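This report refers to the structure that appears directly beneath it.
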Amino acid sequence: MRAARPARVRRAPALLPVHRPRRRRIAGARGVRLGPARSRHPGDARPARLIDRLGQRRVLPVAAGAWSACLVAGAVLAHGGHHRPATWLVLAFLTGLSGPVLGPSMRAQWREIAPEGPQRRRAYALDAVGEESLYLVGPIVAGVLLATGPAWLGLLVAPALVWCGTLALVLSPYRPAVRGAAAPSGGARVRAGGAVRAIGGLVAAVALFGAGSAAAFVGIAALADRAGRPGLAGLVEAALAAGAVTGGLLWARHGRSRPAGLVLAVLLAVLALAQGVVALAGGLVAAAAVLAVGGLATSPVFVVAYAAVDDRVPVARRTEMSTWVNVGVNGGSALGTALAGLVAAGGAALPFALAAGLSAGAAGVAMAWGRMSGTVRAEEAV
């Protein structure tokens, strides 16, 4: 159901400056406007709270409609040759603000399908594998669009895909029960604040992880530009996604209970090492091979993060609190895209060096969070 989301669709606005003869900095600026809109509290966690109160059937179609309207507006502007950066920045912000929270909604349904424990973690792994499988297709489609046609066509395909996912979710028999439209009491707000504090370090770690991953994608585009074959960037992204799919499948089969902070630190260190190697080696072939290996850690990062949220917050708050993982990743992705877009002018290796530093920082934060959050267990693959 969630797999009907378009792969890498959040990069669609950033592809337009690549197709048009304009600077990559504008793409980075769009990313930094898109990310905060998706990562600020009213723009992401509050819709998840509304879903808890009003139900998926009421909230998701409204959000999907608003998001689709923004993308169609972007396609119209791009087709008409509109190049004013301010317009694109505002549109990117509105697009991020209105995005339907399909991921948390899907995880809420997984909680209805799979009991808590190993089966729940396997369900999260399946969810991650399904999304990463689309990332195998999405970059290839994006590469074909860039090589053969206008990039704005992707902005028309994306709404159709999101509506497929939205309809599948709202028609599913596993929709969670609606809690009711009453506003939360003061005591409930206090408990929610405690839940946020319990996962604050986790959110910081995945924010750095998102920043590093976004910087790596900018580096891939820079390598492809330097080679004079921008369409090949999609194939390198597909190699990374293939590694992520493989990692998710292995994690689902061989997962065991281990401290979440330690597991995240190891996974993020592996990712940082791969990004650092690409920064030193360079070349599209080397990047595809090394990032495919590093991608083995990508899906497990999300699985461990979502399972850690389930371990640390009350059942009634899990949809909203798990959204904070997305908040961190999206906010970090915005920052990483902007920073990498600025440093890419100095060479294709610099975004990867930046990515490695950010991922290493994420590993350190995850380790510190794990030590401070006690001995609650998540899973680790062996």
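Each residue's number is its place along the chain shown, starting with 1.
Just so it is clear, glycine is given a Cβ too, placed from its N, Cα and C backbone atoms.
TrEMBL: automatically predicted annotations, no manual curation.
Note that the structure is a prediction, hence the values are computed from the model and not measured.
Copied over from TrEMBL, here are the features:
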type: TRANSMEM; residues: 59-80; note: transmembrane segment
type: TRANSMEM; residues: 86-103; note: transmembrane segment
type: TRANSMEM; residues: 124-146; note: transmembrane segment
type: TRANSMEM; residues: 152-174; note: transmembrane segment
type: TRANSMEM; residues: 195-224; note: transmembrane segment
type: TRANSMEM; residues: 230-252; note: transmembrane segment
type: TRANSMEM; residues: 259-278; note: transmembrane segment
type: TRANSMEM; residues: 284-309; note: transmembrane segment
type: TRANSMEM; residues: 321-343; note: transmembrane segment
type: TRANSMEM; residues: 349-369; note: transmembrane segment
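Counting only same-chain residues 6+ beyond the ends of the transmembrane segment (259-278), those with a CB under 8 A from a CB of the stretch are 201-202, 205, 209, 212-213, 216, 219, 286-287, 290-291, 293-298, 300-301, 304-305, 307-308, 311, 352-353, 355-357, 359-360, 362-364, 366-371, 373, 375-380. Counted over residue pairs separated by six or more positions, the transmembrane segment (195-224) shares at least 3 Cβ pairs under 8 angstroms with the transmembrane segment (284-309), which defines the two as touching. With pairs at least 6 apart in sequence, the transmembrane segment (86-103) and the transmembrane segment (321-343) have 3 or more Cβ pairs within the 8 Å limit; the two touch. Contact between the transmembrane segment (59-80) and the transmembrane segment (152-174) is supported by 3 or more Cβ pairs under 8 Å, counting only residues 6 or more apart in sequence. Outside the transmembrane segment (349-369), and at least 6 residues removed from its termini, the chain residues within Cβ reach (under 8 Å) are 200-202, 204-209, 211-213, 215-216, 218-219, 222, 261-262, 264-266, 268-269, 271-273, 275-276, 278-280, 282, 287, 332, 336, 339-340, 343.
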